[in-house]
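Sharing a structure here in structure tokens format.
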Amino acid sequence: MLLALCTCFLWLSTTDLWTVQAKDPDTDVSPRTPHRDLAPNNVDFAFILYRHLVASLPGKNVFISPVSISMALAMLSLGARGYTRVQLLQGLGFNLTKLSEAEIHQGFRHLRHLFEKESDTMLEMAMGNALFLDRNLELLESFLADTKHYYEAEALAADFKDGAGASRQINEYIKNKTQGKIVDLVSKLDSSAMLILVNYIFFKGTWEHPFDPESTRQENFYVNKTTVVRVPMMFQSGTIKYLHDRVLPCQLVQLEYLGNGTVFFVLPEEGKMDTVIAALSRDTIQRWSESLTTGQVNLYVPRVVISGAYDLRAILGDMGIADLFDKEADFSGITREAPLKLSKVVHKAVLQLDEKGLEAATCPRVMLEGASEPLTFRFDRPFVLMIFDHFSWSSLFLGKVVNPN
């Protein structure tokens, strides 16, 4: 999870998480900073995208980083013109009569800087975007400058006529950027491709209260009525925030990474996964956050490395963001040469979920004296995983874990 410096002070509004106020002298986080205007739109887009992806992959694991996808598509809009640009920004949830394009890009720039500032030795994260374009295209200097200024992104020439070679180039680029954490992102590419957008993120955080590795045991995970797999099940016991939801058929716990990371583990009742996912929204997260109880809990969570790799073209089309893939797309802000359309939007997110905390600096969980018998939360069947950066309430990750293996 994204981590804040120890000098941070945070005030969480009880009326609206998405206008959360914070103050940090190093990150200049204040109620009027640009990224705050993006938060509601980013979260709404996140849940819409997540539901479309889950619906397209029934019975499968799903794992995405919505905020990094939003950032990648907003970056692409710098080179879009006319209806292509309007459709793209509106598809991301932005009302262009209330938020100017300059404010959108400045907001993402500030958000990116915030993520970088919040990172330190307790966090391992690699996040970025890149455009790969036909090597014969001459790119506009203004586009290259803007993508660098706002998004720290690169536009690279590729020989798509050599599909295998272009794939190797992209995979090697991502491998180097993630120090080998993400490999083999794309396979052989179509020789007719001219523009590919690549977005990637790897994350490994540090628990505020770590799990004890000696307590991890091999246990059953019930994928469905006929499939059971063995998984390393982590365990911790102590005071934990939890909720038995009376509105939706689920229960959940909230854990914290050191710094700014808030993690929701959501366990739907058997057969109710679709009902819970359909109800995910800003209002639902708001209600959960306000309704959590702190109590004695025995918590069991699988140790996993979860990842998701997707070409988002079809999903974005279903969401009404289709013009950028059409031969009539207007990317004249990228090049003034031959008409250009987007061939692929490739996204990969990887999360390492293990026992580790900051061993020397982290206090163990406290068992309250005279407390009642601990409640048990055992995530041994499909569950929903959500990770937010609670400075910006950006949706870093949304996942559906069907099979941890």
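A Cβ is built for glycine as well, from the same backbone N, Cα and C atoms used for every other residue.
The following feature annotations were taken from Swiss-Prot:
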{"type": "BINDING", "residues": "Q254, Q286, W393", "note": "cortisol binding site"}
{"type": "CARBOHYD", "residues": "N95", "note": "N-linked glycosylation site"}
{"type": "CARBOHYD", "residues": "N224", "note": "N-linked glycosylation site"}
{"type": "CARBOHYD", "residues": "N260", "note": "N-linked glycosylation site"}
{"type": "SIGNAL", "residues": "1-22", "note": "signal peptide"}
{"type": "SITE", "residues": "C250", "note": "site 'Conserved cysteine within steroid binding domain'"}
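Please situate the listed features within the shown structure.
Mapped onto three states, the DSSP output places Q286 (cortisol binding site) in helix.
All protein chains included, N95 (N-linked glycosylation site) registers 9 other Cβ atoms within 10 Å of its own Cβ.
Within 10 Å of the C-beta atom of N224 (N-linked glycosylation site) sit 12 other C-beta atoms, taking all shown protein chains into account. Mapped onto three states, the DSSP output places N224 (N-linked glycosylation site) in coil.
In this structure, N260 (N-linked glycosylation site) belongs to neither helix nor strand by DSSP; it is coil. N260 (N-linked glycosylation site): 28 other CB atoms within 10 A of its CB, across all protein chains.
C250 (site 'Conserved cysteine within steroid binding domain') falls within a strand when secondary structure is assigned with DSSP. Every protein chain considered, the tally of other Cβ atoms within 10 Å of the Cβ of C250 (site 'Conserved cysteine within steroid binding domain') stands at 20.
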Spatially, and counting Cα to Cα, which of the glycosylation sites is closest to Q254 (cortisol binding site)? Options: N95, N224, N260.
N260
Just to verify a number: CA distance, Q286 (cortisol binding site) to N224 (N-linked glycosylation site), in angstrom, no decimals.
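That comes out at 30 Å between the alpha carbons.
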Roughly how many Å lie between the Cα atoms of N224 (N-linked glycosylation site) and W393 (cortisol binding site), rounded to a whole value?
33
Going by C-alpha positions, which of the recorded positions (N95, C250, N260) is nearest W393 (cortisol binding site)?
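Closest recorded candidate to W393 (cortisol binding site) by Cα: N260.
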